[in-house]
Each structure stands twice: as C-alpha cells, then as structure tokens.
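Novice: Pasting in a structure now, in structure tokens, and then I'll have a few things to ask.
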Amino acid sequence: MSWLLAGCYGLVLMTISGALQIRQCPRFIGVGTRHQVRIHCSVSSGLVQWYRLNKYNEDRNKAEEVKAGGRISVPSPGTQLFISALRVEDKGVYFCKVNDTWGSGTELQVFRSGNRMKAQYRTNMKDGLIMFQALLLAVCIAALMLRKHKLQENRDSLYEEPETDHIYEGLAIETCDGGLYEELSVYTRPDEAEAPWK
C-alpha cells in the first residue's frame with residue numbers, strides 16, 4: 001500500500017512541477033500507397049514540431065524536420081500530422097517534439113499496391129513452369145529406367161543357357177523295333193579284331 005501512495009505522490013509532484021507529458025498515437029501504421037494517414041500527438045502545453053527518422057533506433061539528433069506543404073499538412077496547433085497520397089519513400093518513424101522532449105514515435109510502413117491481374121498471371125506462369133519441370137524430370141527418369149532395363153536384357157541374353165541340349169545334333173538316329181536308339185551290338189564284328197581302315 002505504501003508503494004501505491006508513493007507512486008500517486010510522485011505523479012502529483014510531476015503534475016504540479018509542470019513536467020511535460022507527451023502521448024503519441026498510433027504506435028504503428030501499415031498502409032498501401034495512395035492512402036492517407038494521420039498521426040496524433042497530445043501535449044499539455046507547448047509548440048509541437050514533427051521529425052522523421054528511417055529507423056527507430058537511430059540517433060534522434062539526426063532526425064529531419066517534417067515541414068508542411070504539398071502532401072504533408074500540420075493543422076494548428078500542430079498536434080496532428082496528415083500525409084496524403086502516400087508513397088513508399090514516406091516510410092519511417094515520425095516523432096513529435098515539444099521543448100526538447102520527444103514523443104514515443106509512430107512507425108509508418110508503406111507498401112506498393114500491386115496489380116491483381118499481373119500477380120495472378122505471374123502465379124499461373126510459375127505454377128506452369130513447376131509442372132513442366134516435374135513432367136520433364138519424370139520423362140528423364142523413365143528414359144533412364146528403360147535404358148537400364150534394355151541393357152540388363154542384353155547382358156542376360158549373352159549369358160543365356162541354351163533351351164535344349166544339342167549333343168546329338170547332326171546324328172541320324174535310326175529306330176529299330178520301335179526302340180529309340182539303335183542297338184549297337186548288332187553292328188559289331190567279333191571276328192575282326194582290327195579296324196578295317198588299318
């Protein structure tokens with residue numbers, strides 16, 4: 001309870017002492033080009049000046065002052081900043097400043113509005129190219145598999161075992177009495193011991 005009382009007492013002292021309070025809103029704006037934005041800065045007293053940085057963490061002493069004119073307007077008493085017909089170059093962090101006291105800052109992100117038909121055409125073209133590449137890859141893989149199969153068949157045909165045994169090829173086999181092989185003992189001559197060619 002004592003911490004709560006101390007906080008309230010400190011807040012009252014700051015208000016009485018005339019400490020400057022600045023509130024800037026919104027903290028972030030993200031819009032497309034050709035739109036309009038409004039940044040608000042509420043202060044208890046003093047003249048408001050507007051500054052712009054490229055990034056939030058940059059040194060605020062290097063900030064460039066935002067001057068009214070053209071697409072940028074600062075209606076009196078200067079607590080609001082209007083930017084119309086936004087461009088991509090308008091992106092950055094905008095700060096209000098009163099008597100060397102800076103506001104919290106508002107980051108403005110501006111993105112290009114794209115042509116929907118062109119984006120759809122690019123998407124369809126990309127999808128078509130992906131499908132073409134997939135089909136080309138499938139054809140190449142099929143051709144390689146077919147070539148490997150043909151080479152395997154050729155290799156197998158070189159080492160193929162014959163279907164039938166051709167040992168007796170060219171011999172005329174005579175059949176005797178229904179037997180398949182002729183009886184060789186009939187043609188032997190027991191009386192001749194030597195062969196007739198000798």
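Backbone N, Cα and C define each Cβ position, glycine as well.
No curator has checked TrEMBL annotations; they are predicted automatically.
Got these off TrEMBL a minute ago, pasting:
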DOMAIN    26-111  domain 'Immunoglobulin'
SIGNAL    1-19  signal peptide
TRANSMEM  128-146  transmembrane segment
Novice: Need one number: mean pLDDT over the domain 'Immunoglobulin' (26-111).
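Specialist: PLDDT averaged over the stretch: 90.
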Novice: Helix, strand, coil: count each for the residues of the domain 'Immunoglobulin' (26-111), based on DSSP.
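Specialist: Its residues fall into 6 helix, 41 strand, 39 coil.
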